[in-house]
Amino acid sequence: MQLERRATFVLGGARSGKSSFAEGLIEASGLDAVYLATGRAWDNEMSKRIAQHKQRRGGSWTTIEEPLDLVGVLQRECTGNRAVLVDCLTLWLTNLMMSEKDIETETARLVAVLPTFKGAVVLVSNEVGLGIVPENRMARDFRDHAGRLHQAVAAAAAQVYFVAAGLPLKMKG
Amino acid sequence: MQLERRATFVLGGARSGKSSFAEGLIEASGLDAVYLATGRAWDNEMSKRIAQHKQRRGGSWTTIEEPLDLVGVLQRECTGNRAVLVDCLTLWLTNLMMSEKDIETETARLVAVLPTFKGAVVLVSNEVGLGIVPENRMARDFRDHAGRLHQAVAAAAAQVYFVAAGLPLKMKG
Amino acid sequence: MQLERRATFVLGGARSGKSSFAEGLIEASGLDAVYLATGRAWDNEMSKRIAQHKQRRGGSWTTIEEPLDLVGVLQRECTGNRAVLVDCLTLWLTNLMMSEKDIETETARLVAVLPTFKGAVVLVSNEVGLGIVPENRMARDFRDHAGRLHQAVAAAAAQVYFVAAGLPLKMKG
């Protein structure tokens, strides 16, 4: 499971071990590791999660927090000797929706830049479409946007993994 | 991923690309394509989805709408030179439950006819059992029925695919 | 799909056929079959499910019901000529949470004993992390605990299967 200098997409459920798996890919690459956190510390629960992630990764990672301008940060950071972990796309999507951005446009922008980086990028996201249809309209919209985003990113990525119970299943590449 | 002249079952999450994948199987087959929509246009959201599906498929498909008598339509339409796309089983199940049909009987009828067609049939359905147990009793019943229906159809099908992020994973065949 | 004399983990959705698949593994092993039910008959719905499970397995199985002390029962029962089916870990987790046990400690205890048995053990569990984030705080905690438990058990198991629509997908082993 060597990391290619092209986009890798890691999809999995909540607490599936998808971030750890993605971190392992980057650490094994020998490239300079950058952690791009898209989550905002809205509440204590989220702050605790971000802290746990930092603790697990240790000191050799550079951490950047960016809720919205994922494309801009990737263009600046994903250079020759670096590998960037984007954790995660569903939080980025949440932020875009909260900020009333146009999701199709943002998805298209991301997908367009993915193949252009000199460095490696690993994008992590939550699969959210395998439960009962949510009663809440916004939740239905969210899972529709997430599903379309995942299809677009998977199509643009060189490698795609589905992670369950900490175990990766290669879907592409 | 050639289409066999036997039943193919395509299971996936919401917005997973399962319908597009199924359409691709049928278009690559060279058979006359029939789209069997089981969804009723209950509301604007559903009408919009049906219109999007029609637009994507283009003019070479024949479209039939049938909410309940899936078996009857398949027996009539799934003939020698045709490939029928059933989109989707979970909407059919919803309609059966709304009409207070006996789900076990209807499942058994469908499974019994699947191996008898001269034409090809591709059945698409939503996996709904991988989230938290729903609080709503009807939603719990629905996912129980869906799970049993999926097991029965998968057992009767020659090929089964699980689709995530637009990527197919072959489970059988 | 032969059963090893080491832990096997079977993960799947609701009504995915995971218990039937696990039962088949044990019946094909020729070992003396023990069914360890972790579910409590809280209500009629659960009592009906337990009865259906018993009916399907037939008379050759020994059935034990234990909601909390999974480790103790496994240590006592999982001996040389036996294969124990644990059905299921998510119900055990529910019972632990209801009894305000420390989940990390209980998970660590289970994982520590898994490689020590002379007999075979097959642990079944529900994947619950692939839907929309639940609004209910307890449901979010539950799926976090379940995800961590699944990662730990999968790491300790010799074989891991993911079951969908009655079809097993080997993830490990």
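Glycine residues also receive a Cβ, built from the backbone N, Cα and C atoms like all the rest.
Database features (TrEMBL):
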ACT_SITE  C:His53  active site, GMP-histidine intermediate
BINDING   C:12-19, C:37-39, C:54-57, C:Glu65, C:Asp87  GTP binding site
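Positions of TrEMBL features highlighted on the structure.
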residue : record                                  : contacts (Cβ under 8 Å, 6+ apart)
C:Gly12 : GTP binding site                        : C:Lys18, C:Phe21, C:Val124, C:Asn126, C:Glu127, C:Phe162, C:Val163, C:Ala164
C:Arg15 : GTP binding site                        : none
C:Thr38 : GTP binding site                        : C:Glu65, C:Glu66, C:Pro67, C:Leu70, C:Val86, C:Asp87, C:Cys88, C:Leu89, C:Leu91, C:Trp92, C:Asn95
C:His53 : active site, GMP-histidine intermediate : C:Ser19, C:Tyr35, C:Ala37, C:Asp87
C:Gln55 : GTP binding site                        : none
C:Glu65 (GTP binding site) CB neighbourhood, other CB atoms within 10 A: 13
Local Cβ density at C:Lys18 (GTP binding site) - other Cβ atoms counted within 10 Å: 26
Of C:Arg15, C:Thr38, C:Gln55, C:Glu65, chain B-adjacent binding-site residues (C-beta under 8 angstroms): C:Arg15
